[in-house]
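**Student:** Heads up, here are the entries from TrEMBL:
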DOMAIN    4-433  domain 'THIF-type NAD/FAD binding fold'
BINDING   19-24, D43, 51-54, K67, 112-117  ATP binding site
BINDING   C153, C156, C432, C435  Zn(2+) binding site
DOMAIN    442-534  domain 'Ubiquitin/SUMO-activating enzyme ubiquitin-like'
COMPBIAS  560-569  compositional bias 'Low complexity'
COMPBIAS  620-629  compositional bias 'Basic and acidic residues'
COMPBIAS  630-640  compositional bias 'Acidic residues'
Amino acid sequence: MTSEQQLTAIKGAKVLMVGAGGIGCELLKTLALSGFQDIHIIDMDTIEVSNLNRQFLFRKSHVGQSKAKVARDAVLRFRPHISITPYHANVKDPDFKVDFFKQFNVVLNGLDNLDARRHVNRLCLAADVPLIESGTTGFLGQVTVHIKGKTECYECQPKPVPKTYPVCTITSTPSKFIHCIVWAKDLLFAKLFGDKNQDNDLNVRSTDATSSSEHAEDVFERKKGEGIGLYGRRIYDHVFGYNIEVALSNEETWKNRNRPRPIYSRDVLPFKLIQQNGNVDKNLMADAPSPVSAMASLGLKSPQDIWNLKENSRIFFESLKLFLVKREKEIGNLTFDKDDQLAVEFVTAAANVRASSFGILLHSLFEAKGIAGNIVHAVATTNAIIAGLIVIEAVKVLQNDANSYRMTYCLEHPSKKMLLMPVEPFEPNKSCYVCSEMPLLLEVNTHHSKLRDIVEKIVKAKLGMSCPLVMHGSALLYEVGDDLDKDMVANYAANLDKVLSGLPSPVTGGTILTVEDLHQELSCNINIKHREEFDKEKEPNGMVLSGWTQSPAKEKDDNASINNGASASNASSHAFSLEVKEDSETAIVPVATGSVPTGKKRKMFDISEDSVPDLSSVPDEVRSKNKLEEIDDDDGDDVVLLDDGCSDGVKKKRLR
């Protein structure tokens with residue numbers, strides 16, 4: 001039962017919600033029903049059909065409309081006297097600076113990506129406003145409280161990062177179905193239907209001088225007057241037949257691997273059947289009421305079925321045909337979309353044919369869509385539970401009840417008959433460069449790397465700064481902003497293309513760079529250490545940043561176990577990344593196989609696939625009986641179990 005003191009705190013609070021998706025819908029409803037009177041919502045997304053199964057404030061008629069605005073209208077129908085202010089915008093827009101955040105008593109996050117979470121964390125620190133973070137993955141969830149100077153900030157501990165796959169693995173030595181999906185989506189689909197000028201590793205050319213001239217040109221370019229069936233067969237034979245033969249020609253690569261099998265269209269489907277494939281006329285009707293679908297054309301109904309090689313090949317040819325005839329105007333500008341039925345069919349079929357070649361287990365369209373769209377299937381009940389926990393912690397924060405703050409983890413299976421595991425927050429990490437101003441160390445070849453490399457690959461990509469300023473002492477090397485004159489813009493642009501040691505104020509070993517983000521009001525120092533050489537496979541950026549809170553990489557990764565010593569690709573330094581697309585970040589929670597002593601609370605750390613958890617604060621008798629379970633963010637890849645160990649040896653103190 002709510003006390004008078006709590007009601008007073010609730011009614012007088014001004015709350016900012018960031019995100020109006022799965023968690024956001026539940027959170028807005030719970031805030032309104034709990035008595036909050038002044039709520040502001042920021043969300044840049046519009047409503048999609050796939051949202052409707054769990055984001056209950058939305059209906060089919062709302063598809064395409066602003067989530068924030070529709071959510072406001074839906075809640076005002078049953079709570080008409082409260083104030084809800086929606087912003088259909090990106091929280092990283094310059095309108096939402098520190099001064100904007102200062103007007104709120106608490107900020108509640110329901111975001112779906114690491115970059116935005118980090119941005120909000122920094123703004124809350126700069127504005128000295130409490131932040132309550134949240135995340136769900138299926139049945140798992142978590143709510144964490146972040147108070148400046150009192151608890152860890154969001155970036156004090158490592159976070160899961162998008163998985164990356166070396167291009168040599170993707171193009172030459174796939175060993176998992178996810179590798180085939182990435183190949184079909186990011187290489188083949190992009191090559192056939194996306195920007196024709198983009199770099200792509202599919203045009204494998206043999207080093208054998210006797211190679212036919214057919215493969216010395218771009219086989220993906222459709223010849224004048226060439227029929228669709230003939231063109232499709234040529235593409236199929238090139239990527240599933242010829243390219244595999246080229247890869248097989250390097251005997252060294254296959255000494256310790258299973259050799260793939262080249263697949264040619266003549267071995268799977270007669271050319272006449274390829275030409276007659278599907279009911280094209282039905283799909284080409286201008287007034288066809290349903291979306292174009294290769295499955296419908298071929299009479300395949302269930303997305304749960306696993307197609308055989310012949311069926312996958314027919315889907316491949318049919319979907320290619322439908323793209324070329326029905327959606328010809330879109331070719332050249334298409335990118336993969338998980339809600340594009342024809343695109344999902346093409347990628348599924350192509351990935352399965354490639355999987356057949358490499359002896360990898362085939363998957364259904366439903367499974368392939370989940371992997372290709374990076375989907376973690378959501379559970380509405382988990383979102384509702386997490387939203388309720390957010391509001392509970394928000395009320396504590398509004399009452400400054402620091403002794404009652406809890407970070408709560410929602411478990412899939414009970415531990416000591418508990419599905420909700422509350423733990424005490426920890427004090428700020430003294431090694432955190434965001435809230436503790438700990439300097440970073442950057443190893444870089446100052447004679448080869450350019451300032452652009454530092455800005456793009458380190459300051460923006462790793463440190464998450466959107467409007468960076470880079471200084472060496474009093475010398476300003478780089479800045480962005482609307483108030484810069486043309487000469488300054490030209491000067492900073494010229495600096496970007498200069499090597500570090502060749503800048504007006506040279507950056508060499510021992511130099512200390514200061515980087516700032518004016519929007520986030522964040523500043524940190526980077527100590528530069530000159531290093532001559534880097535491992536192109538393990539350190540593709542030619543730089544190594546130490547002291548920030550991304551999870552460390554394992555010694556043995558996918559590339560180490562299936563590394564291609566002589567890839568047909570000439571771009572082995574590149575990698576493909578896969579990021580979860582859901583309402584919230586992957587939730588990492590402990591699975592306690594033993595018992596936790598009564599009265600003892602321990603923290604369940606956020607960890608990534610490649611990190612080792614710090615359990616130094618957990619009693620020995622507990623540590624020996626506990627494991628940490630990570631739910632893999634590919635929704636179909638391996639589940640990784642990590643035994644206990646120590647990460648960086650830094651002991652963490654509970655908040656007192």
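Positions of Cβ are set from backbone N, Cα and C atoms, glycine also.
TrEMBL annotations: computationally assigned, not manually curated.
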**Student:** I need the most crowded of these binding-site residues: D43, D112, D115. Count other C-beta atoms within 10 angstroms of each C-beta and give me the top one.
**Tutor:** D43
**Student:** Give me the Cα-Cα distance between D112 (ATP binding site) and C153 (Zn(2+) binding site), rounded to a whole Å.
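**Tutor:** Between the alpha carbons of D112 (ATP binding site) and C153 (Zn(2+) binding site) there are 18 Å.
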**Student:** Would you kindly give the Cα-Cα distance separating D115 (ATP binding site) and C156 (Zn(2+) binding site), rounded to the nearest Å?
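**Tutor:** It is 15 Å, counting Cα to Cα.
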**Student:** List the Cα distance (Å, whole number) between G22 (ATP binding site) and C153 (Zn(2+) binding site).
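**Tutor:** Cα of G22 (ATP binding site) to Cα of C153 (Zn(2+) binding site) measures 24 Å after rounding.
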**Student:** Using DSSP, tally how many residues of the domain 'Ubiquitin/SUMO-activating enzyme ubiquitin-like' (442-534) sit in helix, strand and coil.
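**Tutor:** Its residues fall into 24 helix, 30 strand, 39 coil.
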**Student:** Averaged over the domain 'Ubiquitin/SUMO-activating enzyme ubiquitin-like' (442-534), what pLDDT does the predicted model reach?
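**Tutor:** For the domain 'Ubiquitin/SUMO-activating enzyme ubiquitin-like' (442-534), the model's average pLDDT rounds to 89.
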**Student:** Between N53 (ATP binding site) and C153 (Zn(2+) binding site), how many Å separate their Cα atoms?
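**Tutor:** So the Cα of C153 (Zn(2+) binding site) lies 33 Å away from that of N53 (ATP binding site).
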**Student:** Per 10 Å Cβ neighbour count, which of the binding-site residues G19, G22 ranks highest?
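**Tutor:** The most densely surrounded of these binding-site residues is G19.
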**Student:** I need the nearest neighbour of C435 (Zn(2+) binding site) among the binding-site residues G19, D43, D115, using C-alpha distances.
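**Tutor:** Looking at Cα distances from C435 (Zn(2+) binding site), the smallest one goes to D115.
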**Student:** Report, as a single number, how many Cβ atoms besides its own are within 10 Å of the Cβ of N53 (ATP binding site).
**Tutor:** 11
